[in-house]
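Everything below concerns the one structure shown next.
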Amino acid sequence: MFINHLHNTDIILASGSPRRKQLLEDAGINFRIHTKNVEENYPVYLQRSEIPLYLSKIKAHAVKADFPDSLIIAADTIVVQRRDVFNKPGSAEEAKDMLRKLSNNMHEVITGVTICYGEKERSFYDITEVFFKPLSETYINYYIENHKPFDKAGAYGIQEWLGMVGIKKIQGDFYNVMGLPVSKLIDELEKMFNPELELNQINSNRPEEPNKYLYFGI
């Protein structure tokens, strides 16, 4: 079973996020943390789903350079509302502005993940739609003053107070909003350690060929 391979593999989480650390621990994966300071800039022509993929690859490759024989897991999360991309707020005012825009609206949370292991590399992303109720200025100010969400894309954590009282519904993976789509990550790790699994999946999704020997008579 591929889980046994994971227990015998040096796994590095290339992220300092406490949420990603918690999620990997809860998934039963043994790992250590190593981060590198990288410029989180991206080309302006990238599509929104490509942005976190691009940044996760930069993070993964930076750590892989120091630990070429380890399995590296890197991730990046952005919040998107129409044409606006929300990263981590740099100030309380910026956080307030983000939450005012998210209030009574739907936005998408997109997490890109890159896994590197030797010559193998896999990248994927997941999208979750989040619907906020109307957020009063009192709620916004209270949350920012007490929870200081300056390390979170979109200026909120779904697992925190504002997520509990302010989110009306979500469509997609809850853990993706926390910063790591664990179910997809496990699937991709299993494919990495068991290539036949991916081949079987491709074959099972392939449409059936038409019957070459089916004839219609008149």
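Cβ atoms here come from the backbone N, Cα and C positions, even for glycine.
Here is what Swiss-Prot records for this protein:
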ACT_SITE  Asp76  active site, proton acceptor
SITE      Arg19  site 'Important for substrate specificity'
SITE      Thr77  site 'Important for substrate specificity'
SITE      Gln159  site 'Important for substrate specificity'
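Around the Cβ of Gln159 (site 'Important for substrate specificity'), 14 further Cβ atoms fall within 10 Å across all displayed protein chains. A separation of roughly 18 Å, to the nearest angstrom, links the Cα atoms of Asp76 (active site, proton acceptor) and Gln159 (site 'Important for substrate specificity'). DSSP gives Arg19 (site 'Important for substrate specificity') a helix state.
Cβ neighbour density within 10 Å is lowest for Arg19 among the recorded positions Arg19, Asp76, Thr77. Separating the Cα atoms of Gln159 (site 'Important for substrate specificity') and Arg19 (site 'Important for substrate specificity') is a whole-number distance of 9 Å. For Thr77 (site 'Important for substrate specificity') paired with Arg19 (site 'Important for substrate specificity'), the C-alpha to C-alpha distance reads 12 Å.
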